[in-house]
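Student: Structure incoming, see below.
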Amino acid sequence: MEELVFYAFAILAVGSALLVVNLKNTARALFLFFVTLFAMAGLFIFALADFVAITQIMVYVGGVLILMLFAFMLSNKELLKALQHIPGRFLTMPNWQSLLLALGFFGVLLWGVVEWQQQTPDWIVQNIKQGNVIQPHDNNIQQLGLKFMTQYILPFEVISVFLLMVLIGAAHLSRKEEQK
Amino acid sequence: MITLTHFLVVSACIFSIGLYTVLAKRNAIMILVGIELMINAAILNFVAFGRYDKINYSGQVFALFAIVLAAASVAVGLAIILNVYRHYKTINPDQITDLRD
């Protein structure tokens, strides 16, 4: 039962991601990207990371996608030029080359996973032996809060300052130039 | 029982799709979507490995940091895209060829 739901989420994530890539209409692709992110959040729950899943939904669906839709609508001329085909010069490659590269990379990753399957890292084996594995009935969110405020306080502060910098930088970049 | 391999294979699929999007699309917003897909695959790996580390919770903590970084990159990236669009009237990276007027 558990595996069936996992496979359903995995197929939903991969299938909607493939559709996102193949759709010509950018607005539809962006709305389908919602589905991919929701399915990824479901997969996070299967790894017993409920707080990360909720954060994913709040940050991505509430923030990032709205921002992307705004940017898409503000640069809407592109909609008319979707059929125009320009041969790529330096950043984008022809479709078949990028497909080849992506498939090759996928092959390398899969090969790594298959090779790795025989030898689990020592720390995982040790933690399984000592029972230091997150269980479904653990109080995840409380533990995470404690860790954030004690062990990971420095990265937490660094990332808050970084977020402030990003906020100021984005506001500065997107302001209107005043006429001299 | 869902093993680590399941998660790794799914995230390999998502990462490759993201890589294809970044390489093949001629639209800056879709390239950002591809980058987000790749970051999401990385977060899935973080979370899947973090399940086996109850003492430090490092996987989930750094997954949250990665989500914050992804959101920050999207905010700055979209601001840059809007500026570029205002200047060049296109968001095709191939047509944006010079740094100044």
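First residue shown is number 1, and so on along the chain.
For all residues, glycine too, the Cβ spot is worked out from N, Cα and C.
Take a look at what TrEMBL says about it:
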TRANSMEM  A:6-23  transmembrane segment
TRANSMEM  A:30-51  transmembrane segment
TRANSMEM  A:57-75  transmembrane segment
TRANSMEM  A:96-114  transmembrane segment
TRANSMEM  A:152-173  transmembrane segment
Student: What same-chain residues lie close to the transmembrane segment (A:30-51): Cβ under 8 Å, and 6 or more beyond its ends?
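Tutor: Distant Cβ neighbours of the transmembrane segment (A:30-51) are 2, 5-6, 9-10, 12-13, 16-17, 19-20, 23, 57, 60-61, 65, 68-69, 72, 134-136, 138, 140-141, 144.
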Student: Taking a Cβ cut-off under 8 Å, which residues six or more beyond the ends of the transmembrane segment (A:152-173) line up next to it in the same chain?
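Tutor: Sequence-remote neighbours of the transmembrane segment (A:152-173) do not exist; the answer is none.
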